[in-house]
Ligand SMILES: Cc1ncc(COP(=O)(O)O)c(C=O)c1O
């Protein structure tokens, strides 16, 4: 790829190009952080304004019935299910990913009585390790950490209740081969659970095809639900009869308004609801998912691979000294590209000043996410050119860019 015109040609034949206009992106920004906080769908402000002013402001409590607030979690789950290769009644939308990890890790141990070992990757997103550590402690079990696929044969034995992995590594973008690893867990009788935070909405997640037992993921990255949007859980239908949540809240009760003191779980996945859903955020997620109606996960994945490959190709050419932290093979990479650099933090800040928004992860990772729903190939070309120019001008050495914010 030698000219911006060639990138424009790729956009001209991109079957997903029309999706971009469903998002309200600032004209002067190339947004490479949709893997952290997704972009604002163009229709969300009007939808939320209507919900706030009419459904809440005028109709008040009546909206739980009239505006179907009560059934919104199930409706949103139904919209999400096709993007992760699941059926609607296997998905619950509620709480944060961290809380859902707790619910499902305990439920996994209960589904495998007599087994109390949880296996996770050391490089998992930290919340996964914190929560699994707490579950192991509460249940008198063991948390076993692996460093990669080579450690699995030793780590997986008959004591393991659940192998819980983050599908896409949040630092490097490296991808676990989910189908093979799920089968590996099953061979010792363990359940396989996937954290899909960096996958849902960008990768061809196929929970049925993988044979996955459980999954969690968030609504605010590639699903564009907005800051702090509710997260989701997946429980394969075959496990739902024996499912026992450790957080039996009233919204997961079979008859929440009977107000009985005995807990009777709602059938199936319904028991994973806990308390009153954050309706404004949930409706934000509903609206965001409606922008993806009919979009196949396979086409998002194919475009994401092409976008990330182009970025790597350009930076190989223009900045040969940059150290790629992500896998070169697009099949082993999520929808992000990470580089290691001694000045990664100030480099990212310099790029943000240029209008190219990525982020930094400890200790030395400059991370660029490529949301296939709204990024163009010309954006990739322009972003790579800004990286080249910022490095050539030594902007990463400017002390202005060294001061750290609370969120990096
Ligand atoms: C892979 C992964 N797991 C879990 C989380 C935590 O999600 P939450 O803040 O919704 O609990 C994140 C957040 O970025 C994440 O990237």
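Backbone N, Cα and C atoms are what each Cβ position is placed from, and that goes for glycine too.
Keep in mind that TrEMBL annotations are predicted by a computer and have not been checked by a curator.
Per TrEMBL, these features apply:
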BINDING   97, 98, 125, 126, 127, 128, 166, 195, 198, 220, 250, 276  pyridoxal 5'-phosphate binding site
MOD_RES   221  N6-(pyridoxal phosphate)lysine
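Shown here: features listed in TrEMBL, placed on the structure.
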residue : record                              : Cβ contacts under 8 Å, 6 or more apart
97      : pyridoxal 5'-phosphate binding site : 127, 195, 197, 216, 217, 218, 231
125     : pyridoxal 5'-phosphate binding site : 166, 170, 195, 197
198     : pyridoxal 5'-phosphate binding site : 35, 166, 167, 168, 169, 170, 173, 221, 222, 334, 335, 336
250     : pyridoxal 5'-phosphate binding site : 256, 275
In the structure shown, with every protein chain counted, which of the binding-site residues 127, 166 has the densest set of Cβ atoms within 10 angstroms of its Cβ?
-> 166
Residues among the recorded positions 97, 221, 250 that border ligand 1 - Cβ under 6 angstroms, in sequence order | 97
So residue 221 (N6-(pyridoxal phosphate)lysine), by the Cβ count within 10 Å over all chains shown, scores 26
For residue 127 (pyridoxal 5'-phosphate binding site), what is the secondary structure state per DSSP, taken as helix, strand or coil?
-> helix
Recorded pyridoxal 5'-phosphate site residues 97, 98, 125, 126, 127, 128, 166, 195, 198, 220, 250, 276, farthest C-alpha pair in Å = 30
What three-state secondary structure does DSSP assign to residue 166 (pyridoxal 5'-phosphate binding site)?
-> strand
